[in-house]
Amino acid sequence: ATLLVSIMRCSSCRWCWPWFRREHWKCLGIFLGTLACGAAGGPGIGEIITIVLICLVTFWRFGFREVLRRDKRQEHESVPTTSVELARADPYEEKDAPVPEKEGSEEGGKPISNTHMNDVVDADERNRIADNEKDEEGENCSRTRRGRRTYYLDNLKSFLTFVVVTHHTACAFGACGQQSWCLILGHGSDHTVFGKILQAFTILNQSYFMPLFFFVSAYFVPTSFERKGRNTFLKDRAYRLWIPAAVIGQLIVVPICLLMGELVAGNIYILPLPLPGHCWFLYWLLMLNWVYAILYDATTDELPWSSPSRAFPSTVQRVVVGGSIVCGILNLAVVGALLGSGTFAGLPLSTGSVMCDIFMFYMGIVARRRGWLAVPIREQTDVSIWIVRACVIVEGAAVVYLLPKANVLSWGGIGIAIASYIVAGIYCVDMAVVMLDLFQVYGDFENRFTRFLVDCAYGVYIFHPWSIVLATTCFLAVYDHVSDEEEVVFDGPWPPAVSKTDIPQGWMVVGFVVTCALSQLFVWPSVWFLRRRVRFLKLEKIL
């Protein structure tokens, strides 16, 4: 991102990098060094090294007490009022109606000057933004630039969280590979019809849902950054992202899930590694927020996303630039360069990863700056939205057909790999457009149930592995007790626990449906109970 911004600015700059100070180079070097250590360390040690470095940077930059006491200090933080901060505010943020000047208005016996009146209007505007624009992870509030709450983004986040729980339930039944989950059933199930259906389901999900998560999260970054200021924004990010990821997810949820899987498998495993697991998304979101703050602080309003152009990307731009080049070829290049690692600094390597996540985060910032979501998407596309939907169906079918045959280790397989990743990249971008349009049209509402889902979505993402492992364990106990088949046996002694016993397809269907239903029905009310009833933990301030 830094190189791209430099190239865009070189035509108007006398020297390259005149806007990067020593502090920015140091922060950017730490960020790149963190990722390099994560890549060099491999899938296990590299993840731990990456997360340790993120923790050290968080404490070095803000201090332990500063991060943990953010909620007490936030009430006293003032809205940025300097002329530079006001000048760099969202250019599409509509102003309130000017305050009418009353006849004979005086202050201290003198008429109110125009300068003072402008200050009053600016103060009212800042107060309105502070009241109406709240941070997406903080108070689960998503609003348009007019201050109207965009319920469809809230509902989209809840839907994506539901898909994440279902996706990981499919991983528990062998749809994501043999090293993808804490407790895996269904040895050899990928050769059955139901196993292939689950595999297709996970391939389609993996190609779009996490990049769309990054897009929605990034959409709220610019206004939150400008409203709070750089330091307060980064401290808030550390509080809202680092604590749930490191303290709750990595040190509590993931080790307990690994230990539960080993106990079910009958293996003796004393100390599970504190791997980031599913919380990689929070760590990467935190690092990308760092990058945004570095670039914003180092540049002026000449950043590429500050362009006054509001044109929605054309079909050619989406397909060629976003889908084929960035999310397709570049993503395959990163995955191929890290072949055999499985993860990159905690991030799973596959379609819809690395470059797709970074690209969609960037596009979320651009969408906010250029007001793309303030107008219905179907009114901005250069083709009918029904054509885009039809293309998504064709692209999804092509990805499901091509990706299992891809193999970068053979000349024949590498061609299929390139084709499958290009199609998957186009599918990622088009699916994001389709999902945003669907929720804009049909999901822009709020009721008591949707409010419940929105309040619990973030906590569900963090705690859902517990519910899946518990539900899988319950199904396994019922299966061993009721079924006439042989008892399920697991590999050992190291996690994850993977079954070596074939389970009949009928039992697999029943097990997946029951496990998915129990997981969803258990985790959402449980998170609500933890947030609202167990008040001494103060989880409602974090989750």
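Heads up, the Cβ atoms here are built off N, Cα and C, so glycines get one too.
Curation does not apply to TrEMBL; its annotations are automatic.
Here TrEMBL flags 48-64 (among others) as transmembrane segment.
If you look up TrEMBL, you'll see 79-117 marked as region 'Disordered'.
Taken from TrEMBL, the feature compositional bias 'Basic and acidic residues' covers 87-109.
Marked as domain 'Acyltransferase 3' by TrEMBL: 151-523.
Here the transmembrane segment (159-181) has long-range neighbours at 187, 189-190, 195, 198-199, 201-202, 205-206, 209, 212-213, 216, 278, 342, 439, 443, 453, 457-458, 460-461, 464-465, 467-469, 471-472, 496, 498, 508, 511-512, 515-516, 519-520, 523, meaning same-chain residues at least 6 beyond its ends whose C-beta is under 8 angstroms from one of its own. Feature annotation from TrEMBL assigns transmembrane segment to 159-181 (among others).
As annotated by TrEMBL, transmembrane segment applies to 201-221 (among others).
As annotated by TrEMBL, transmembrane segment applies to 241-261 (among others).
Per TrEMBL, transmembrane segment is recorded for 281-298 (among others).
What TrEMBL lists as transmembrane segment is 319-339 (among others).
Annotation source TrEMBL lists transmembrane segment at 345-365 (among others).
TrEMBL lists 386-403 (among others) with the feature transmembrane segment.
Per TrEMBL, transmembrane segment is recorded for 409-436 (among others).
Residues or ranges marked as transmembrane segment by TrEMBL: 457-479 (among others).
Beyond its flanks by at least six residues, the transmembrane segment (507-530) meets 162, 165-166, 169-170, 172-173, 185-186, 189, 192, 194-195, 198, 452-453, 455-456, 459-460, 463-464, 466-468, 470-472, 474-475, 479, 483, 485, 537, 539, 543 of its own chain at Cβ-Cβ distances under 8 Å. If you look up TrEMBL, you'll see 507-530 (among others) marked as transmembrane segment.
Spatially, the transmembrane segment (319-339) is not adjacent to the transmembrane segment (457-479); fewer than three Cβ-Cβ distances between them are under 8 Å for residues at least 6 apart in sequence. Model confidence over the domain 'Acyltransferase 3' (151-523) stands at 87, taken as the mean pLDDT rounded to a whole number. Where the transmembrane segment (345-365) meets the stretches 201-221, 386-403, 457-479, the count of C-beta pairs under 8 angstroms peaks at 201-221. Of the ranges 201-221, 386-403, 457-479, the one with the most Cβ pairs under 8 Å to the transmembrane segment (409-436) is 386-403.
Counting same-chain residues at least six beyond the ends of the transmembrane segment (201-221), those with a Cβ under 8 angstroms from any Cβ of the stretch are 135-137, 142, 153, 156-157, 160, 163-164, 167, 170-171, 175-176, 281, 284-285, 288-289, 292, 327, 348, 350-353, 356-365, 367-368, 373, 396, 399-400, 403-404, 424, 427-428, 431-432, 435.
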